[in-house]
Amino acid sequence: MRGASHLQILLLLVLGTRMQECAACGQPRMSSRIVGGRDAQDGEWPWQTSIQHRGAHVCGGSLIAPQWVLTAGHCFPRRVWPSEYSVLLGALSLDVRSSHELLVPVLRVLLPPDYSEDEARGDLALLQLRHPVSLSTRIQPVCLPAPGSHPPPGSPCWVTGWGSLSPGVPLPKGRPLQGVRVPLLDSRACDRLYHVGANVPQGERIVLPGNLCAGYRRGHKDACQGDSGGPLTCMESGHWVLVGVVSWGKGCALPNRPGVYTNVAKYSPWIQARLSL
């Protein structure tokens, strides 16, 4: 009986730890009220990061663990030197420094085994930071989706980043973090939209099964240049979940050309395996 009691206590401790780990992600202190194309509030998207090459912003990213950031593979050249990259965390504006910010060097850049920049396949990159970061109200990880999970089409999600407002139109002075609410689209329906006006046979996929889409058929709201690698997050059971990573699109917010994202749930097993090494 004593052995059984110890086992029960151990199980409760393990389950409690896992529940704490779950509760520690995807729950910013500031609730989101961004509906479309407005400045983010301080602490609203605490997992948002800026991937920087020699001090210049190149892509967005998401903190998924104290020492790991998820972004897009195409943000890096075929031969990458991690020492040239760093990750900015806790920032609300790229041009206005804050005492809450952290700039951490990148130790390693890991790509999925099926990554292909030419085919926009497996467009993810895991960045291991040189050291774990201390979490705060402005620096928090986002939750990863369960492997193979599929949020229903129409789910309201948010894409955030420091990208251009439209092609050739940069952010205003200070470069504040932006966010826009976009609905999820079925990947096959999205593929049909991309065939409209395209000289591509209907049987040939443009949007691959490993992708998902978000946006409006009429356009108007979308990610843009500089948002690549950034998060597409959806609220699930009271937690923000990293459903997609900004991958590619035709222009920005054009009709029949919604934003295309890498489906994070498809790569959750690979991500979790890397994090546990």
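Glycine is treated like the rest: Cβ placed from N, Cα and C.
Each of Cys190, Cys224, Cys234 is a candidate, yet Swiss-Prot gives the disulfide link of Cys213 to Cys190. For the recorded positions Asp123, Cys190, Cys213, a Cα-Cα cutoff of 10 angstroms around Cys75 (disulfide bond) retains Asp123. Note on proximity: of the active-site residues His74, Asp123, Ser228, the one nearest Cys59 (disulfide bond) is Ser228, by Cα distance. Among the recorded positions Asp123, Cys213, Ser228, the residue whose Cα lies closest in space to that of Cys234 (disulfide bond) is Cys213. Cα to Cα, Ser228 (active site, charge relay system) and Cys190 (disulfide bond) are separated by 19 Å. When the Cα atoms are compared, Cys213 (disulfide bond) and Asp123 (active site, charge relay system) turn out to be 14 Å apart.
Under DSSP, Asp123 (active site, charge relay system) is assigned to coil, being neither helix nor strand in the three-state scheme.
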